[in-house]
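Features from TrEMBL:
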{"type": "COMPBIAS", "residues": "1-15", "note": "compositional bias 'Pro residues'"}
{"type": "REGION", "residues": "1-38", "note": "region 'Disordered'"}
{"type": "DOMAIN", "residues": "67-202", "note": "domain 'RDD'"}
{"type": "TRANSMEM", "residues": "82-102", "note": "transmembrane segment"}
{"type": "TRANSMEM", "residues": "108-131", "note": "transmembrane segment"}
{"type": "COMPBIAS", "residues": "224-242", "note": "compositional bias 'Low complexity'"}
{"type": "REGION", "residues": "224-255", "note": "region 'Disordered'"}
{"type": "COMPBIAS", "residues": "243-255", "note": "compositional bias 'Pro residues'"}
Amino acid sequence: MSNPYGGPPSGPQPQQPHGQQGYGPPSGPVPPQPYGQQGYGPPYGVPSAYGVPGHPGMVVHPYGRPAEWGTRVLGYLLDGGIPGVAAGISILLGFMIGSLIAGNGSDAAATVFLIVMLLLGSLGSTAFSIWNVAYRRGTTGQTIGQQVVKIRTVSEDHGGPIGFGNAFLRQLCHILDSAPCNVGFLAPLWEEKNQTWADKIMRTVVVTVEQPGSAMPPMGQPGYAGYAGYPAQPGHPSGGFPAQPPGYGQPPQQW
């Protein structure tokens, strides 16, 4: 029966079909959008496409981090000390054995033996130095001293060893480093890539060697100094997504 006053119809109201329940507007003020629709950064541990930030002012060469001046000096002293010790031993043996020969009344033989030992020591030291600083550095990138201190000499153009001939020429260019009061050897203290003048002439750079199996830790991991991770999203210590704003009920499950 219709209501003559235009009110709602009498009798029971039809129920909403199952799964079609509506939701009215929430009570109270509408909460603002969280964080101004701020986006989320890359996932944890994924490096940025623009490289890894480091210490302020630190230069990273495409083929490695330039070696420190003190490390290079230590490797240089080791390379020079090995043939020096060998030559010193040969000279010492020459004097000792020469003295024994001279004690038997043969001064001429003692003198000849001493000269031979001096020549052998000098030739042996020279041959070792050429093999070490020219052949070994040119083919493997490392002298014996550089291998001990974990650095190597590479080309700026391709990042590989420079070859025997270029390594030999680079060693000759060290004459220019030592000419004006060894200023060229001190140049790595202020040069951007820690290069000597010989390095600049031959287009080489001395870089550090990473330990085998020591992969770079993800950004933000503890113990990796100088590399900052991605900051956490404001208001979310755990870095998760924001919870659903209050005032909205959860939709019923579908059966």
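Cβ from N, Cα, C; glycine included.
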Are there residues at least 6 beyond the ends of the transmembrane segment (82-102) whose Cβ is under 8 Å from a Cβ of it, and what are they?
109-111, 113-114, 116-118, 120-122, 124-126, 128-129, 132, 144-145
Which residue counts does DSSP give the domain 'RDD' (67-202) for helix, strand and coil?
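Its residues divide into 103 helix, 5 strand, 28 coil.
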I'm checking region-level scores; what's the whole-number mean pLDDT for the domain 'RDD' (67-202)?
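Result for the domain 'RDD' (67-202): average pLDDT 92.
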